[in-house]
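As annotated by TrEMBL, active site, proton acceptor applies to Asp173. Annotation comment: TrEMBL describes Glu32, His33, Thr34, Asp35, Tyr223 as substrate binding site. Annotation source TrEMBL lists ATP binding site at Ser66, Gly123, Ala124, Gly125, Leu126, Ser127, Ser128, Ser129. Look at TrEMBL and you will find Ser129, Glu161 tagged as Mg(2+) binding site. According to TrEMBL, the domain 'Galactokinase N-terminal' annotation covers 7-56. Annotation source TrEMBL lists domain 'GHMP kinase N-terminal' at 92-180. The feature domain 'GHMP kinase C-terminal' is assigned by TrEMBL to 283-364. Per TrEMBL, the feature site 'Transition state stabilizer' maps to Arg26.
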Amino acid sequence: MKKRLIKEFTDIFEVPGEALFFSPGRVNLIGEHTDYNGGMVFPCAITFGTYAVVSKRTDSCMRLFSNNFKEKGIIDVALQTLHYDKKDDWANYVKGVLYFLQQEGFEIPCGLNILIEGNIPNGAGLSSSASLEVLTGTILKETFQLPISKLDIIKLSQKAENQFVGMNCGIMDQFIIGMGKKDHAIALDTGTLEYTYAPVQLKQASIIIMNTNKQRGLTDSKYNERRAECEHALSQIQTVVKIKNLCDLKETEFEKVQHVITSPVERKRARHAVLENIRVKKAIAALEKNDIEEFGALMNASHISLRDDYEVTGIELDTLVESAWNQSGTIGARMTGAGFGGCAIAIVRNDDIEDFTAAVRREYTQAIGYEPDFYIASIGDGAGKLAEL
Ligand code: GLA
């Protein structure tokens with residue numbers, strides 16, 4: 001694929017490529033919708049991701065082409081006039097990062113030709129957009145030796161998604177995509193941005209990604225709505241206790257103060273955030289002790305909370321996960337990412353993977369009317385330059 005991409009670059013831009021970059025997608029093992037509530041998350045980078053071949057130009061034009069959106073052709077972007085334009089589709093993520101880099105004073109001395117190709121399934125909730133943002137930041141840092149840290153690329157990518165594209169996401173996706181490490185998950189405290197790497201050794205089992213293949217529609221607006229619900233619940237709790245984030249609360253503290261949240265729906269949302277955060281801590285400890293069964297049980301509880309209290313699963317994810325729970329080789333299963341469609345993950349004993357996928361495929365297709373997809377996740381490194389060409 002890499003060789004083909006390098007050749008296609010020359011076909012499209014009529015100059016040779018100068019460098020090859022890669023930025024991964026991610027799955028989150030546990031800790032969903034906690035990252036904008038100051039809680040813990042436990043994601044890992046996967047070996048699916050976004051590749052780019054790049055060469056410098058002599059003018060100040062960015063010429064962008066994606067093999068995933070060939071019908072859009074080359075998208076020309078002038079460095080001086082960057083604004084969101086719906087018709088530019090995927091290129092808005094690149095533009096957002098360019099915009100904020102310049103706004104923060106980083107000088108981009110010339111334009112670039114960039115050919116992109118991703119093998120993250122489209123719209124599957126495995127963070128293809130964050131992958132592209134962090135990829136863009138990494139390309140610019142490496143190509144122009146910009147004095148910007150990895151963490152600042154991560155923060156700037158999140159800002160691009162929040163303020164340029166309008167999706168009010170937390171920092172988890174950009175963080176793991178920037179900081180990911182082969183065969184490790186990251187235990188990240190989103191309140192402080194302190195993090196540690198945890199080896200993911202699942203004895204004789206693997207992480208299976210299960211794609212609902214549901215076309216995602218209103219994900220961004222529903223996501224922003226959940227975030228607003230949490231913020232409102234927090235503001236009411238803050239009238240009785242001094243906390244910065246919902247996830248600062250222990251379970252017993254939440255029980256004591258939850259009555260001040262006037263909306264029953266918002267009370268459920270807050271309960272999810274508080275209890276999910278506690279589950280992440282328990283899950284990290286369980287993995288450390290090699291107690292995979294406990295880890296799996298916490299994954300299951302996470303899904304139930306996302307289904308009943310946070311209400312971000314939907315019939316497709318529930319069908320997939322409930323079918324996974326029914327298989328004898330399953331250690332745990334839950335939705336991953338924002339929800340409303342997208343992917344779920346299951347930890348499945350290696351000997352049972354074939355039976356598992358056959359049965360879940362059959363049950364899901366019967367209930368939903370179309371097939372799911374399955375991939376075995378391998379945990380890879382964060383974004384970086386792969387080669388000078
Ligand atoms: C999306 C967002 C993340 C996070 C998850 C839910 O992936 O981009 O910031 O909030 O949803 O955990």
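Keep in mind that glycine also has a Cβ here, set from the backbone N, Cα and C atoms.
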Quick one: which residues besides Glu32, His33, Thr34, Asp35, Tyr223 have a Cβ within 8 Å of the substrate site's Cβ centroid, in sequence order?
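Filtered neighbour residues, in order: Gly31, Tyr36, Asn37, Val41, Gly170, Met172, Arg226, Ala273, Glu276, Ala338.
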Can you give me the Cα-Cα distance between Thr34 (substrate binding site) and the residue listed as 'active site, proton acceptor' in Å, rounded to a whole number?
12
Of the recorded positions His33, Asp35, Glu161, Asp173, Tyr223, which sits closest to Gly125 (ATP binding site) by Cα distance?
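Going through His33, Asp35, Glu161, Asp173, Tyr223 one by one, the Cα closest to that of Gly125 (ATP binding site) is Asp173.
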Pick out which of the binding-site residues Gly123, Gly125 has the most other Cβ atoms within 10 Å of its own Cβ.
Gly125
List those of the binding-site residues His33, Ser66, Ser129 whose Cβ lies under 6 Å from any atom of ligand 1, in sequence order, or write none if there are none.
His33
For the ATP binding residues given in the record (Ser66, Gly123, Ala124, Gly125, Leu126, Ser127, Ser128, Ser129), what is the largest pairwise C-alpha separation in angstrom?
19
Please count the residues of the domain 'GHMP kinase N-terminal' (92-180) that DSSP assigns to helix (H, G, I), strand (E, B) and coil.
53 helix, 7 strand, 29 coil
Cβ neighbours within 10 Å, counted over all protein chains: which one of the binding-site residues Thr34, Ser66, Ser128, Ser129 has the most?
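Result for the most crowded candidate: Thr34.
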On the three-state reduction of DSSP, what should I expect for Tyr223 (substrate binding site)?
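Tyr223 (substrate binding site) sits in a helix per DSSP.
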